[in-house]
Each structure stands twice: as structure tokens, then as C-alpha cells.
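Colleague: Can you keep this structure in mind? I'll have questions shortly.
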Amino acid sequence: GEDAAQRSAGAGDGGAAKKARAAAGPHLGEWIEAPACAWRHPSTVQSKRLGARNLTLPARIASQDGDVSKDATAGAVLAAAAFNVASTSTIVVLNKMVFQTFRFKFPVLLVCIHMAITWAGMRGAAALGRFELKPIAMRHCLLLALVFNSYNLSSLINLRVNSVGLYQVTKVLIAPAVMAAEWAFFGKGTSLAIKLCVLVMCVGVAAATVSDVQCHAAGLAAAAAAVAGATAYQLAIARLQKRFGASSNQLLTACIPMALLVGLIATPVDGLLRDEGEGEAAMGVLEWNAKFGGPQTYLVILCSGVAGLMVSLSTFLFIGVAGPLTYNVVGHIKTVTVLTAGWLVFGDFMSGKKLLGLALTMCGIVGYSVVKMRESSEDKRRQREALPR
């Protein structure tokens, strides 16, 4: 009897200890080393009996197996999409001014300026209490830094050595590449309906944007590297957010210093990307500053950096709530918008082939949205049925 009482008391003590550890939450090692989908914190994840609607965004991300969009509300996805479209459209205009008006022929250095402003802005927001910092393992930060800079450099080289037509082909191929990589590396498949919608969309974008495709060995290698880099970057964002249960703010803030360091090391590539026929081809940063520097120039570069902060944040946020594939699908809405606006507002020529391509693109995008909403509703219904009564 005494032995039984002691065992009962020991079990009670063990239960109390477990409750204390649960209330304290995971320690740093658990944050860093926890496998994908394994981390749950009592302050962010409510009881499963309350349903998925009570999960915060980090919990929703952590609770999914490769698809972070199942529990995200339609409003959150639309808001993230609008934020991403607005920020990317803004940075295109500002970067065009930086490169053409002020002759700043240092694209890698400009990206480094963007990352520095991004890091300062995110740290400032954290200091003001807008979000809490989260430790991310150094090796994962380095992985994301290498992937981001590889994606950035491969895109610049792709644009530099290939025709506009082949460059557009690489942009079209990113969505199928994301689907293939998720299936090959993470075992995440997509339904036949999703595949058909993406196929229709890609055919439409190709018909509307691709012309004068010129191929050579170096160009094909650069195009393949650009597609692989973009795919790896988007998947890395999604998987790391899910692995650490981190919000877009937390992951971006943790990884941006390492990305900035790698980018600074890669700045000599700027000298290889400039056209030799331009007068500024041999001009260094100091010479450029002496010739073009001034308050207006610095202000535009600063505004470009702020837009870069918005682009980075919106990209991490959008992939976090919608997933890499949806991020690519929405990206093609920007293509449709730009081409349609050029036709209606500026009187650009609209051929029958381009018009058909835009129509097919929109059909694919609308079909994709409908199928995703239907599949999301089915997933939520199955989750509710699986909850204990």
C-alpha cells in the first residue's frame, strides 16, 4: 500500500512538473531543433477542441504539412496579395528611376541597400513592440541567405544574357517548378484540377508575353538557374516559417543580416552585369557618386529601399498565408494588369494572340481560385468531423 501511495505521489509530481514545463513553453533548443509541424506553444495554439479558427497565424503555419493556406482566411490572403502587388509595382517604378534616370548601374549593391533598410525597419518595429523576435538556427539563416542571393543573382544574369522572350519563359516555368519540387522533395501533390488550371494559366501567360525566343547554351543554363533559384527561395520561406512556427516578420528579421553579408560579398558581380557600350561601364561607386550623387538621388534610392522592405515583408507574408504556388499564380495577375493597362491607357498594340493569352491566363487564375476554395472547404469540413465530440 505504501509503495502504491509513493508511486501515486510520484506520478502526481511528474504531472505537476509536466504542467510547469508546458506553461513555461519550449526552450531555445526546442525552438531551433523541433521538426516540421512538431512545435506547439500554449500561448499561440488553442485546444484542438476549439477548432482551427482559434489558431493564430504562427500556429496555422506550424499545423500544416506543406500547405499553409488551409486555415488562412480569404481576407488574410486577399490583403497579403494586395500588399504584394502594390509593393512590387511601386519598386518597379522606383528602380527604373534609380537605374535609368540616375545611372546607378549596381543592381547587387542596390539589393544590399534594400536589405540594410529592411533590417533597420524590422528591428525598429520589434523595438516598438510590434512583434517579438524569435531565434532561428544559424544554419537555417545561412541557407535562406544563400538561396535568396542565388535567386537574385541568377535572375539578374538571366535578364542580362537572354532575350526578353526567354526571360519571360523562365517566369512562366516557376509555377510548374514549384509544384514539381513540392512533390519531389516534400511529397506534397496537387489535384488534377489544380494542375489543369496552372497549365491553362501558363499557356495564357506565354501566349501574351513570350516572343522572339533566342536560345544558346549559356542562356539556357542561366534560365535554368533562375527557375531553380526562384523555386528554392519560395519553398525555403514556406518551410522555414512552418518549421519554426515563425511569422513573416520574425523569419525576415532573423535571416536578413546573413543575407546582407552574403550580398555584400557578391557585389563584384555588378561589374560583370553592365553593358560595355555604356559610358558608365567602368565607373565605380565613388565615381558614380561624384557625377550623379545628390539629395534627390539619395532620396529616390532611400524610397526604393523602403519599397524593398515592403516587397520582402509582403513576399514572406503572402507565402506564409497562401503558399508558394498561390504566390506565383497571383504574380501573373500583375502581368495581366500591366498589359491591359498599357492597351487601355497608353494605346499599346494588342494582337489577337496577346488578347487570347490574357483571356486564358484569367481563366486559369479564376479556375485555380475556385478549386482552391473548394478544396479548402473540404479540408475544413474533414477537420471538423475529426474533432472529438
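In case you wondered, yes, glycine gets a Cβ from its N, Cα and C as well.
Remember, TrEMBL labels are computer predictions, not curated facts.
Summarising the annotation, TrEMBL assigns domain 'Sugar phosphate transporter' to 90-369. The transmembrane segment annotation in TrEMBL covers 72-94, 106-129, 165-185, 192-211, 217-238, 250-269, 298-322, 329-349, 355-371.
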Colleague: Can you tell me which parts of the same chain pack against the transmembrane segment (355-371), counting only residues 6+ beyond its ends and a CB-CB cutoff under 8 A?
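Modeller: Those are 191, 193-194, 196-209, 326, 329-330, 332-333, 335-336, 339-340, in sequence order.
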Colleague: Taking the transmembrane segment (192-211) as reference, which of 106-129, 217-238, 329-349 has the most Cβ pairs under 8 angstroms?
Modeller: 329-349
Colleague: Suppose I define contact as three or more CB-CB distances under 8 A, residues 6 or more apart in sequence; do the transmembrane segment (106-129) and the transmembrane segment (250-269) meet it?
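Modeller: With 3 or more qualifying Cβ pairs, these stretches touch.
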Colleague: Before we move on, state whether the transmembrane segment (329-349) and the transmembrane segment (217-238) share at least 3 Cβ pairs under 8 Å, counting only pairs 6 or more apart in sequence.
Modeller: no
Colleague: Which sequence positions outside the transmembrane segment (165-185), separated from its termini by at least 6 residues, show Cβ-Cβ distances below 8 Å to it?
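Modeller: 66, 158-159, 195, 198-199, 201-202, 205-206, 209-215, 219, 223, 226-228, 230-232, 234-235, 324-325, 328-329, 332.
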